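Chemist: From Swiss-Prot, for reference:
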- Lys11, Phe59, Arg87, Thr93, Arg104, Asn114: ATP binding site (BINDING)
- His117: active site, pros-phosphohistidine intermediate (ACT_SITE)
Amino acid sequence: MALERTLSIIKPDAVAKNVIGEIYARFEKAGLKVVAAKYKQLSRREAEGFYAVHRERPFFNALVEFMISGPVMIQALEGENAVLAHRDLLGATNPKEAAPGTIRADFAESIDANAAHGSDSVENAAIEIAYFFAATEVVSR
């Protein structure tokens with residue numbers, strides 16, 4: 001087992017539903033610890049920068065618009081195999097395909113408004129965490 005960190009973003013749709021606490025409880029039950037967190041309204045520049053890898057994809061503009069449509073809750077999570085553990089909690093990107101009991105099955109509205117983001121690899125997690133948090137803001141516990 002490897003101790004890892006991953007980035008998690010509770011997206012505007014889930015924040016609007018007031019389910020941040022319910023989602024955090026799932027993280028904790030799965031053994032993931034919040035080691036950094038911030039609640040904020042993303043600027044267009046922040047959203048475009050974060051999702052720059054998708055810039056040429058047809059859904060890029062809609063994704064950016066959605067991510068700036070309301071506040072988000074951003075957290076770095078730490079735990080054994082955190083990337084996979086978090087992605088398992090999230091479920092499939094399309095909530096219609098997500099297993100019952102996953103965050104997206106329970107809280108997401110559509111493939112676009114899918115409740116949460118999760119890093120897809122340890123390498124990307126490090127990049128994504130550094131995008132939103134200074135090293136001094138991430139504290140193991």
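Please read every residue number as a count from 1 along the shown chain.
Quick reminder: no glycine exception, Cβ is built from N, Cα and C everywhere.
Not measured: the values here are computed from a predicted model.
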Chemist: Taking 10 A as the limit, how many CB atoms besides its own sit near the CB of Arg104 (ATP binding site)?
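Modeler: Here the count is 24.
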Chemist: Calculate the distance in Å between the alpha carbons (Cα) of Arg104 (ATP binding site) and the residue listed as 'active site, pros-phosphohistidine intermediate', and round it to a whole number.
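Modeler: One finds 10 Å between the Cα atoms of these residues.
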Chemist: Cα within 10 Å of the residue listed as 'active site, pros-phosphohistidine intermediate' is the criterion; apply it to the binding-site residues Lys11, Phe59, Arg87, Thr93 and give the hits in sequence order.
Modeler: Lys11, Arg87, Thr93
Chemist: In Å, how long is the longest CA to CA span across Lys11, Phe59, Arg87, Thr93, Arg104, Asn114, which the record gives as the ATP binders?
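Modeler: For the residues that bind ATP, the greatest Cα distance is 21 Å.
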Chemist: Of all the binding-site residues here, Thr93, Asn114, which one's CB has the most other CB atoms within 10 A?
Modeler: Asn114
Chemist: I need the most crowded of these recorded positions: Lys11, Arg87, His117. Count other C-beta atoms within 10 angstroms of each C-beta and give me the top one.
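Modeler: That would be Lys11, with the highest Cβ count within 10 Å.
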Chemist: For Phe59 (ATP binding site), name the DSSP secondary structure in the helix/strand/coil scheme.
Modeler: coil
Chemist: I'd like the Cβ neighbour count for Phe59 (ATP binding site), meaning other Cβ atoms within 10 Å of its Cβ, all protein chains included.
Modeler: 12
